[in-house]
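**Student:** Annotations per TrEMBL:
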DOMAIN    86-205  domain 'VTT'
TRANSMEM  15-35  transmembrane segment
TRANSMEM  71-96  transmembrane segment
TRANSMEM  102-123  transmembrane segment
TRANSMEM  159-179  transmembrane segment
TRANSMEM  185-208  transmembrane segment
TRANSMEM  220-239  transmembrane segment
């Protein structure tokens with residue numbers, strides 16, 4: 001009996017994902033080539049607050065002199081991380097606050113997070129099904145059931161998911177096209193639903209030196225506020241069920 005490969009993607013699907021990744025790499029290369037000669041060893045994805053503080057300290061001077069390059073580089077990295085579900089976007093959101101302030105930082109985070117989520121959504125249409133059934137079959141079944149039950153008030157449900165940690169955002173991005181969430185619903189739920197969490201994180205980036213851990217972002221008050229907004233967003237769905 002032949003041994004079946006466990007790799008869930010076909011050659012075509014792997015080629016598509018690799019092409020998308022290559023596009024992001026070329027975008028970063030273009031940014032790098034337009035920057036002045038310098039030591040860029042500090043440029044790496046931050047994994048700790050210490051890494052993030054070092055990155056902030058080094059990028060502050062470049063942000064004023066090479067604003068366009070820093071913005072493009074930031075957007076490419078954030079969208080790449082969202083597209084391929086790479087952990088650590090919370091550090092990128094903190095960095096936006098530290099470099100650009102609250103208003104510009106929130107706008108930048110919502111834009112890049114929505115663009116990255118959309119990129120992940122459309123990439124998943126091509127390669128997502130085998131990966132999801134291979135990696136998260138139970139979670140996918142739960143999500144599919146919930147979407148089917150709330151089809152008439154799907155926007156409210158998507159807002160609820162974005163505002164609360166019921167399901168990870170990366171999973172929502174990747175699984176939504178597989179469970180037939182229309183893109184316009186996905187887009188609106190993402191743009192609107194990410195604003196409160198983006199504000200909390202970006203605002204914390206202003207006082208980056210005072211944070212002791214990422215957990216400091218998620219104390220009782222911000223979490224309770226997000227849950228409260230989430231409950232309000234899903235209330236029309238619950239009211240509709242009680243009336244039917």
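Positions of Cβ are set from backbone N, Cα and C atoms, glycine also.
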**Student:** Under the DSSP assignment, what numbers of helix, strand and coil residues are found in the domain 'VTT' (86-205)?
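**Tutor:** Looking at the domain 'VTT' (86-205) with DSSP, the answer is 101 helix, 0 strand, 19 coil.
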**Student:** Hey, which bits of the same chain come close to the transmembrane segment (15-35), Cβ under 8 Å, at least six residues off its ends?
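**Tutor:** Residues 9, 62, 66, 69, 72-73, 76-77, 79-80, 83-84, 119, 123, 126-127.
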